[in-house]
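**Student:** When I checked TrEMBL for this same protein, it listed these features:
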| type | residues | note |
| --- | --- | --- |
| REGION | B:1-97 | region 'RU A' |
| BINDING | B:R53, B:S77, B:G78, B:R185, B:S223, B:A224, B:R309, B:S328, B:G329 | substrate binding site |
| REGION | B:103-240 | region 'RU B' |
| ACT_SITE | B:K153 | active site |
| ACT_SITE | B:S223 | active site, nucleophile |
| REGION | B:246-352 | region 'RU C' |
| BINDING | B:E282, B:A331, B:Q334, B:G335, B:P336, B:G339 | Mg(2+) binding site |
| SITE | B:T305 | site 'Important for substrate specificity' |
Protein chains: 4
Amino acid sequence: MPSQRAALYRVSASGPADVSGVEALFENGLDPKTVVAVLGKTEGNGCVNDFTRGYATSTFETLFARHGVTGASIVMSGGTEGALSPHWTIFCRDTVEANPERSLAIGVSRTPDMEPEKLGRRGQIELVADGVREAMADAGIGNADDVHFVQIKCPLLTLSRVAETEARGETTVTRDTLKSMGFSRGASALGVAVALGEIDLEEIADKDICNRLDFYSGRASTSAGVELADHEIIVLGMSDSWSGPLAIDHAVMKDAIDTASVRTAQQRLAEGKLVAVLAKAEPDPTGKVRGRRHTMLDDSDISATRHARAFVGGVLAGLFGMTDIYVSGGAEHQGPPGGGPVAIIVERATNP
Amino acid sequence: MPSQRAALYRVSASGPADVSGVEALFENGLDPKTVVAVLGKTEGNGCVNDFTRGYATSTFETLFARHGVTGASIVMSGGTEGALSPHWTIFCRDTVEANPERSLAIGVSRTPDMEPEKLGRRGQIELVADGVREAMADAGIGNADDVHFVQIKCPLLTLSRVAETEARGETTVTRDTLKSMGFSRGASALGVAVALGEIDLEEIADKDICNRLDFYSGRASTSAGVELADHEIIVLGMSDSWSGPLAIDHAVMKDAIDTASVRTAQQRLAEGKLVAVLAKAEPDPTGKVRGRRHTMLDDSDISATRHARAFVGGVLAGLFGMTDIYVSGGAEHQGPPGGGPVAIIVERATNP
Amino acid sequence: MPSQRAALYRVSASGPADVSGVEALFENGLDPKTVVAVLGKTEGNGCVNDFTRGYATSTFETLFARHGVTGASIVMSGGTEGALSPHWTIFCRDTVEANPERSLAIGVSRTPDMEPEKLGRRGQIELVADGVREAMADAGIGNADDVHFVQIKCPLLTLSRVAETEARGETTVTRDTLKSMGFSRGASALGVAVALGEIDLEEIADKDICNRLDFYSGRASTSAGVELADHEIIVLGMSDSWSGPLAIDHAVMKDAIDTASVRTAQQRLAEGKLVAVLAKAEPDPTGKVRGRRHTMLDDSDISATRHARAFVGGVLAGLFGMTDIYVSGGAEHQGPPGGGPVAIIVERATNP
Amino acid sequence: MPSQRAALYRVSASGPADVSGVEALFENGLDPKTVVAVLGKTEGNGCVNDFTRGYATSTFETLFARHGVTGASIVMSGGTEGALSPHWTIFCRDTVEANPERSLAIGVSRTPDMEPEKLGRRGQIELVADGVREAMADAGIGNADDVHFVQIKCPLLTLSRVAETEARGETTVTRDTLKSMGFSRGASALGVAVALGEIDLEEIADKDICNRLDFYSGRASTSAGVELADHEIIVLGMSDSWSGPLAIDHAVMKDAIDTASVRTAQQRLAEGKLVAVLAKAEPDPTGKVRGRRHTMLDDSDISATRHARAFVGGVLAGLFGMTDIYVSGGAEHQGPPGGGPVAIIVERATNP
């Protein structure tokens, strides 16, 4: 009886243009057609002038064109501060002849193109919520509780999109293109929260977006990119109709040093080999962690997101004993203020 | 029967000139005469142009002059990257009427002024080793195994010291004043190693200093300052002739994510309230942590020591659940390459 | 016949706590009582966590207390990027027996304490305009055209000031303390513009402050400090009732490379020795200089104000052939967007 | 009568992968076959982890492959600090039917592959000197005084090159790959000095390379790249056998603010439109400019080369009234310590 099966590969990169490890996978038999997504950590600053993301994306596009990979999401997150290690995580799925048994499932979807006036408003939340539901269906996940991580690549406003919108007599949430990235990430995360039943759409007003920090998804990870007008959505969860040794669970860190929550999630998973850790991190907006002042938000030499990735990277690397962890910044509505979601994927020692 | 007793105070600072928390201690009854040392973490970059150290030192000098504190070591370490929290740790000792029982002991000493030609050479190692033995005696510690942390403030070369030395027909180990800081820290750490029996002085040649990375002390923490020509030495350990609830142990982290060693040390200590964590951190000089590349040494935007403090700060803060930890960079011969010593001080729930 | 006479001293600093050059002036006969202001360039980042300003200020306070200097303004501006050189400019004035002849005049004033609800609003503009007129009177300058530079130290909002204001049923322009600095600098600069007749107060609405970039003073230089609730105002100009060799003029740079305007101002001044150059610099908010893109506003590694000081510092240092120039950032309403005021003080070869 | 003719195009870039302006040139008739070199300024940090250079190079390689450009040198220099503007300068040469008249000439050459043991030693100097002479011949320049700028892309040591060399029983000048870049740039610059008669080869010993700062070329600009084992050499000068409106001259700045030398060179050139300015900049190694301390070498937040480019960029942009200037750092033996060569290319209003 056939079932779907997920496979993940964590591949080291010696620089943003080094895809030799992925090429080696292809040469050693990985079928490029099974690739559905790449999540990369590159060594730029993860901020405005981080060109390592574009460089890596362009390198992967060339590689994928050469190997016939089509439709795969390419998500690049800049910033490997501290001892975090640049790497690519390749997500694959294939049909195998094996009985289904509760396992890691990967679903993908793309929303329709979004009118720029919806960005950062309830319209985007609805659009993304629909897309997440579609990706859940694609993954064969019926119960929202079985979803443990939703990665979304969302659009941003450009000057020409703002102009085009205003020419139609509409307004955009902001004319500031940088700020539009935060709005898009935030509304996308709230879209996840709505789809997963974490918040009711009716409770959210436009003005809450990027304001009401107590509204968040414990399973969303979103990033904005200039190259798309729709949303690329990847859902990771557990499904009874898949098979294989992989399993996923997640924690929601309450603050930057909340290892207890992560350890609990880790213990819920069966024994096995760690395959991937995916997390969001941000400086606590109160300026304190457990009552003690931090200086991230006042440091004009190093941006606060870099501090946060380095530090939370250390927290998680110390806990998991590995440094090629996906820690991403910019966590609007992704976990509680100062905390964030952490997904853990393991290869179970014995199949369930 | 009288015994010596140590007391430690961890005091938050809202900036490098904020000593209001220490003033409050004095107002609330702490006898300024019992203060023997301050270890501070300030929020500068911890590198060449970090003026927060001098600013804090100058502020403490004024405070201490006003309160009649004399002879106390003031050691300021810059860099509270990530969520590390700026704070002062005040070390006090006093005589109390209580039976001695194995407890935290604090010993201090100062070496004679050092001729600049000895700096970074075996002469400095010998001088420091003698000083450490003297501080051990001052602490009432007879067995080197009972020493868990040795903090040293050592001199550096200035242009005028180099000139004066050369005028006498001698040479200095370097004419580069910045490099002299590393040599002084390194030779001081090796002095600790010799005094504690970790390395035999005969094994060390001048050329090994700052070169033979396998030569190190697992208990040394050294920093260089321009304001002294001798060495200020603080020894922390366990002594049978002291009393009180405080106890200390230490670990040597083998690499930046070696939490196992730290957890083992923590378990050796009796249950109790965490009072202080003192650690050294550095980027692994091989460019890798457990086989995975890190980018700290190639980052021309953020100095590697800042990355290392942020990351190891996260590792330790996650482990201990607190962020006002003393994590200091510049770890020549202080722990193995890429790792470092970690001292843990607790207030035991029940006295021994 | 007695007249007032100004004297200026440009003193090198080897660090933010080095006032030895100023002490030497006192030892060599400068009367401390004649000191009315210090303008310092310190080597911090000039941004939020620049502690070199506070360190320098505290060092000068101690020095001034020791020498009986009272009431002198201490204005510290962080940031000596590029080859700019850390230095102090000491402004003195004294009465001499000499016929008055058109010369540099220095006037000072302090406004009453300002209610926090006025900050960043028209109330502050009026208050500052009054203060500037008072300082002009103090300088013996009747004609606003004779004013060439107005340095103002203005207050900012703190959390407690905001709370106290709201407790009285009033509101502040912002609750964001960092933003309040910009509002205070901007409104103060507009106060100068009003006092000097550059803009009519009636034309300015509250909402124009920090918004209408075409509203600016060509002679204002303002900085916000936490330590005051009023405004310290220093007016520099030409007065017929003063005497001595010093003279001042100013230019308004239209953009970051507008050397033509500066050269014209320089030529208006009599031949002589350059004594001081005082300037404001900022990144062009359009993202372009003369049609060519600059990258200052997109650089997440170096703050835009540091870029601007380094670059405009180079433009002016190349023009004047000296590097101990006062170039300050944060130029809201101080010169046109992307440009800024430049004051030039010379010691005339022959008295007028 | 046919002659050679040079053409230069200065093209703005909106990012390291934006070659749309160059494509537009091709579409508007520029023959790709005439392109001999690209000199680019990209907006990275110009230091170790500047991936904008590789990204731009890779983008140009794809563009050139598509348009049949072969053999063109691609030299990317990172760092557009201050208001410097990212741009490409395209160097072209073609044969035209026009009488020769003293004009800008461009010559190119490549040396044979260099054994790694020669790098940073006299062997490299000789090899480069031969290559420069060959490029002069290619440019039709017989007299070394007619050469005004020599751009060289030189190799560096990699770990595998060091290993291969040592396996043959030879040694390399260093095992430190970063340091090898400085040695290669320095020896290449001295190769230019030898070819142009600025220094006699016999005077230079191996140990002088990167040590004797008084040995320098006033016309060399060198950069090291990992992608080549030989040297790409571009000579710019005046030749009687070329034709066209372009002309070149150069200055050697004695320090960072030496505008006098540049102005003199500018005046030697005929009136005309400025086409390109090419310069090298570095922080003065004495820590002072004209006796005043600078802080570039002590700033652990911003690398000294970034400071130097921003500042000297300002000096030159102020002088020339334009911001898309090629200012490059890392100036070993390229101009005097703290100063550097500046080449100026103009399009003469009337042909000679």
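One-based numbering along the chain as shown.
Each residue, glycine too, has its Cβ placed from N, Cα and C.
Those TrEMBL annotations? Automatic predictions, nothing curated.
Computed from a predicted structure; not experimentally measured.
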**Student:** For the region 'RU A' (B:1-97), provide the mean pLDDT of the predicted model.
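**Tutor:** 96, rounded to a whole number.
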**Student:** Of these recorded positions, B:R53, B:K153, B:R309, which scores lowest on Cβ atoms within 10 Å?
**Tutor:** B:R53
**Student:** What same-chain residues, at least 6 away in sequence, bring their CB to under 8 Å of the CB of B:G335 (Mg(2+) binding site)?
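**Tutor:** When sequence neighbours closer than 6 are ignored, B:G335 (Mg(2+) binding site) has B:Y216, B:S217, B:G218, B:V252, B:M253, B:K280, B:P341 within Cβ distance under 8 Å.
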**Student:** Between any two of B:R53, B:S77, B:G78, B:R185, B:S223, B:A224, B:R309, B:S328, B:G329, the residues recorded as binding substrate, what is the biggest Cα to Cα distance in Å?
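**Tutor:** Answer in Å: the longest Cα-Cα distance is 18.
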**Student:** With the Mg(2+) site defined by B:E282, B:A331, B:Q334, B:G335, B:P336, B:G339, which remaining residues of that chain have Cβ atoms positioned within 8 Å of the Cβ centroid?
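**Tutor:** Along the chain, the qualifying residues are B:Y216, B:V252, B:M253, B:K280, B:A281, B:P337, B:G338, B:G340, B:P341.
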**Student:** Write out the long-range same-chain contacts of B:A331 (Mg(2+) binding site), meaning residues 6 or more apart in sequence whose Cβ is under 8 Å from its Cβ.
**Tutor:** B:K280, B:A281, B:E282, B:G340
**Student:** Among the binding-site residues B:G78, B:P336, B:G339, whose Cβ has the fewest other Cβ atoms within 10 Å?
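**Tutor:** With the binding-site residues B:G78, B:P336, B:G339, fewest surrounding Cβ atoms within 10 Å: B:P336.
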**Student:** Compare the Cα of B:Q334 (Mg(2+) binding site) against each of the binding-site residues B:G78, B:S223, B:R309 and report the nearest.
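**Tutor:** Result for B:Q334 (Mg(2+) binding site): the nearest of the binding-site residues is B:S223.
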**Student:** Please count the residues of the region 'RU B' (B:103-240) that DSSP assigns to helix (H, G, I), strand (E, B) and coil.
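**Tutor:** Within the region 'RU B' (B:103-240) the tally stands at 58 helix, 30 strand, 50 coil.
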**Student:** Quick one: which of these recorded positions, B:K153, B:T305, B:P336, B:G339, have their CA within 10 A of B:S223 (substrate binding site)?
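**Tutor:** Matched recorded positions: B:K153, sequence order.
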**Student:** Same chain only, sequence gap of 6 or more: which residues have a CB within under 8 Å of the CB of B:T305 (site 'Important for substrate specificity')?
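**Tutor:** Set apart from B:T305 (site 'Important for substrate specificity') by at least 6 residues yet with Cβ under 8 Å, we have B:G46, B:C47, B:G79, B:E282, B:P283, B:G329, B:G330.
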**Student:** Report, as a single number, how many Cβ atoms besides its own are within 10 Å of the Cβ of B:G329 (substrate binding site).
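**Tutor:** 24, counting other Cβ atoms within 10 Å of B:G329 (substrate binding site).
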**Student:** Could you count the residues of the region 'RU C' (B:246-352) that DSSP puts in helix, in strand and in coil?
**Tutor:** 30 helix, 34 strand, 43 coil
**Student:** Round to the nearest Å and give the CA-to-CA distance linking B:R309 (substrate binding site) with B:K153 (active site).
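**Tutor:** Distance between the two Cα atoms comes out at 19 Å.
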**Student:** Got a sec? Which of these binding-site residues, B:S223, B:Q334, has the most Cβ atoms within 10 Å?
**Tutor:** B:Q334
**Student:** Nearest to B:G78 (substrate binding site) in three-dimensional space, by Cα, is which of the recorded positions B:K153, B:P336, B:G339?
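**Tutor:** Considering only the listed recorded positions, the nearest one is B:K153.
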**Student:** According to DSSP, collapsed to three classes, what secondary structure does B:R53 (substrate binding site) have?
**Tutor:** helix
**Student:** Need the DSSP three-state call for B:G78 (substrate binding site) to compare against my parser.
**Tutor:** strand
**Student:** Can you give me the Cα-Cα distance between B:P336 (Mg(2+) binding site) and B:R53 (substrate binding site) in Å, rounded to a whole number?
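**Tutor:** So the alpha carbons of B:P336 (Mg(2+) binding site) and B:R53 (substrate binding site) sit roughly 27 Å from each other.
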**Student:** Give me the count of other Cβ atoms within 10 A of the Cβ belonging to B:E282 (Mg(2+) binding site).
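**Tutor:** The answer is 25 other Cβ atoms.
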